[in-house]
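Here Swiss-Prot flags Gly113, Ile133, Gly134, Asp135, Tyr136, Val137, Leu138 as S-adenosyl-L-methionine binding site, drawing on sequence analysis.
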Amino acid sequence: MWIGIISLFPEMFRAITDYGVTGRAVKNGLLSIESWSPRDFTHDRHRTVDDRPYGGGPGMLMMVQPLRDAIHAAKAAAGEGAKVIYLSPQGRKLDQAGVSELATNQKLILVCGRYEGIDERVIQTEIDEEWSIGDYVLSGGELPAMTLIDSVSRFIPGVLGHEASATEDSFADGLLDCPHYTRPEVLEEMEVPPVLLSGNHAEIRRWRLKQSLGRTWLRRPELLENLALTEEQAKLLSEFKTEHAQQQHKHDGQA
């Protein structure tokens with residue numbers, strides 16, 4: 001997969017190219033990341049990249065010419081088929097389904113805004129899609145871009161150490177992930193659930209699915225509204241609710 005970055009601070013992306021899962025993907029040739037800074041496309045000695053907005057108001061906008069030239073340079077390097085994405089709080093909110101969609105693209109160009117944003121005409125003429133990582137304000141598009149790169153790269157074959165990891169992540173099937181445990185078996189009198197030590201893979205799968213359903217019901221119930229539960233899932237969720245109610249009753253009785 002090839003990803004082009006348009007950013008005033010391309011050095012920030014060393015966090016992606018040099019470390020962790022994405023760093024290994026770059027090292028192994030599974031992910032290629034190139035960057036272009038609008039500053040390199042300025043024509044004045046101050047390398048100016050911001051300009052005042054028409055109509056007044058606080059803040060500045062990214063200057064049109066350097067930004068467009070940087071995007072054009074990235075498009076030329078990418079060749080045919082590159083999708084241009086602007087990281088914007090006004091875009092579609094990124095979720096696992098969206099990540100899965102974006103991962104089908106072999107070439108992405110990510111435009112990172114700064115200041116108060118970019119000229120609307122640049123969005124209309126150069127941008128294919130706008131994406132957001134949440135309803136809050138950041139100083140620029142670099143962190144959202146890194147979030148997108150990290151999440152999308154997990155779908156590239158060979159990137160993860162275990163091929164099932166991406167499909168078993170939280171949200172991969174519309175549910176939160178189940179609890180996980182490692183050594184020691186007992187930590188401050190808290191024991192690993194016996195089923196995980198049983199070696200019975202069918203029961204382990206059933207337990208994990210029940211916990212995943214239950215955790216989603218407790219923490220993100222709105223996610224269940226969009227799911228058509230199978231007969232097994234409905235039964236497991238019902239069991240979880242009963243067990244949870246019993247635990248709450250026991251806890252209340254001890255309080």
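Here the Cβ of each residue, glycine as well, is placed from N, Cα and C on the backbone.
Max Cα-Cα distance over the annotated S-adenosyl-L-methionine binders (Gly113, Ile133, Gly134, Asp135, Tyr136, Val137, Leu138) is 16 Å. Local packing around the Cβ, expressed as the count of other Cβ atoms within 10 angstroms, is greatest for Ile133 among the binding-site residues Ile133, Val137, Leu138.
Ranking the binding-site residues Gly113, Asp135 by the number of CB atoms within 10 A of their own CB puts Gly113 at the top.
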